[in-house]
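Asker: Before we start, here is the structure in question, set down as structure tokens.
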Amino acid sequence: MRFAASIAVALPVIHAASAQGFPPPVKGVTVVKSKFDENVKITYKENDICETTQGVRSFTGHVHLPPDNDDFGVYRNYSINTFFWFFEAREDPKNAPLSIWLNGGPGSSSMIGLFQENGPCWVNEDSKSTTNNSFSWNNKVNMLYIDQPNQVGFSYDVPTNITYSTINDTISVADFSNGVPAQNLSTLVGTGSSQNPWATANNTVNAARSIWHFAQVWFQEFPEHKPNNNKISIWTESYGGRYGPSFASYFQEQNEKIKNHTITEEGEMHILNLDTLGIINGCIDLMFQAESYAEFPYNNTYGIKAYTKEKRDAILHDIHRPDGCFDKVTKCREAAKEGDPHFYSNNATVNTICADANSACDKYLMDPFQETNLGYYDIAHPLQDPFPPPFYKGFLSQSSVLSDMGSPVNFSQYAQAVGKSFHGVGDYARPDVRGFTGDIAYLLESGVKVALVYGDRDYICNWFGGEQVSLGLNYTGTQDFHRAKYADVKVNSSYVGGVVRQHGNFSFTRVFEAGHEVPGYQPETALKIFERIMFNKDISTGEIDIAQKPDYGTTGTESTFHIKNDIPPSPEPTCYLLSADGTCTPEQLNAIKDGTAVVENYIIKSPAASKGNPPPTTTSSPTAAPTAGSAMLKAPVAMLAISALTVLAFFL
């Protein structure tokens, strides 16, 4: 990895006292200096911003790592200030296991998962208040949400003055030495990271190295977490299909080095006792999943015909033809194996080859879908998709919330610097040391539970591709997993939430009526799956102890494609100022730009948007829904949005 010789001196940061929009000065934080390194520290505050259950504690804070030599001997000339939000379990936190939650991107904040999916609260439509989530994942598990790599979400290198464009969702470094410009609907001011793409990890493996150093500090020195249960799990989503396998396998490798005394440095010898890796709608490996981008829009269980047969076949041709997607990815991986075997991304030739593969696959796979005007994260929704609701962005913009959190920077959902850094080296086309499917196999051989969970309406990391990954793994239990069949996921006495193939510690689950962010669509189903896996129960019923019956396998049907779904009603459009590029019509964007829009609690009331057209089908109505149980459970109202995809590896 190459780092800039220096980082520009940060502009003086103007605080809330002099300009609206900036975070207030940080006060009342607890500072814990590392007993291993005087330059390392943790700062944090206890608060009840989201978790309001009596007696249940939660903490927001940062782990601060100074500039230092990286693991491969190159000087890292920037600080890493990694944000965390820790929620104790609502039940028996001292004896509860702990799970890390990571969203993907690369560059997406884990506040997406916290507020739109599985955290203790939902943010209401007013963007100011919250509602308790009874299906929160911290009901029985201690949850640690982390913004990573550096500059993502509330994580930062150096606080820097910025402007934010609501029209195109972009952040720019600003010079306010001559005064702060007036804010309007299209331009806001605040404090963020440097936006320097050299001041963050530039690939998945380097992100794994960084998060391991964070974990060494947090698990040894954060004083508010002293559990009797030392098990650690990682649950992740989307680009987390790469983060999860790479991070977990790196943790496991480091554990082995600590045990055999290869690692002997004081402060870096804490065993991270891995229990589970969970991946929700993960984009894991292009070579397994690329074909699904052609097939899923053409032939899915909702009867949606987004592609013609001719279009599907043309995309498959572009995947397989000479110098097509697969050819370029193969060349990238061969070049990386030869020229960048340790995955530092410091070989310019390899970076160019892999970035070209990344861009080519994006062109062949993603560009055609843009023409459908359907949702990347929910094929049954329009492209301008208001679900899950983006109200948490306004909530996290409140001065009182930022003060209670002790954050010196404003929130940003997506870190442009991280995206540029990863895309510039072609990270999505690359493998890591074993390949990400090889990582999953390694973890299974090491006794770690692995769960793949996919909502069946997601396009961007769809369940067709996820199933191919599950069947393509090569480990000692491969044949047993293939012999297992699909069984119902029984959520309660009246509702079946999906189907699962499971053998022992490995499972693949298709969740009905869910898009990319499964817990946001099906909170009860997602919670049942999560808790059953975490507590060693079978996913189908929750009644069989997998630890006692390690050879357990599901029985049922070989395939699930015969289970068809109804297309849901189109969600009511909601143009949200802080997600304008993904939730607003061109007319509304123009009104925001010229200042004529009527806005209430970040929602554009005028001009109003019309409801989108239903997705195309071959029949007047699809076949019956998969269950006769109760209607699906949803989070209260309705999505975050990102810019139209311009690169393949731009996921949540």
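In case you wondered, yes, glycine gets a Cβ from its N, Cα and C as well.
Source: prediction; values computed, not measured.
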Asker: Look at the disulfide annotations in Swiss-Prot and name the partner of C332 from this list: C354, C361.
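Answerer: In Swiss-Prot, C332 forms its disulfide bond with C354.
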Asker: Can you tell which of C121, C283 Swiss-Prot lists as bonded to C50 through a disulfide?
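Answerer: That record, Swiss-Prot, gives the partner as C121.
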Asker: What residue among C283, C361 is stated in Swiss-Prot to be the disulfide partner of C325?
Answerer: C361
Asker: Using Swiss-Prot as the reference, determine which range in 248-267, 608-627 is annotated region 'Disordered'.
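Answerer: Range annotated as region 'Disordered' by Swiss-Prot: 608-627.
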Asker: Cα-Cα, whole number of Å: N492 (N-linked glycosylation site) versus N132 (N-linked glycosylation site)?
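Answerer: Cα-Cα, rounded: 21 Å.
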Asker: Tell me, which recorded positions from N132, N168, N202, C361, N505, H516 are within 10 Å of C121 (disulfide bond) if we use the C-alpha atoms?
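Answerer: Checking Cα-Cα distances against C121 (disulfide bond), the recorded positions within 10 Å turn out to be N132.
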Asker: Once near-sequence residues are set aside, which residues in the chain of C354 (disulfide bond), 6 or more away, have Cβ atoms under 8 Å from its Cβ?
Answerer: C332, A335, A336, V425, G426, D427, A429, R430
Asker: Name the secondary structure element type, per DSSP in three states, that contains N132 (N-linked glycosylation site).
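Answerer: Where N132 (N-linked glycosylation site) sits, the three-state DSSP reduction gives strand.
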Asker: Measuring Cα to Cα, how far is H516 (active site) from N347 (N-linked glycosylation site) in Å?
Answerer: 34
Asker: In whole Å, note down how far the CA of N474 (N-linked glycosylation site) lies from the CA of N168 (N-linked glycosylation site).
Answerer: 43
Asker: Any idea what DSSP makes of N347 (N-linked glycosylation site), helix, strand or coil?
Answerer: coil
Asker: With a 10 Å radius around each C-beta, find which of these glycosylation sites (N161, N168) has the fewest other C-beta atoms nearby.
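Answerer: Output over glycosylation sites N161, N168: least Cβ neighbours within 10 Å is N168.
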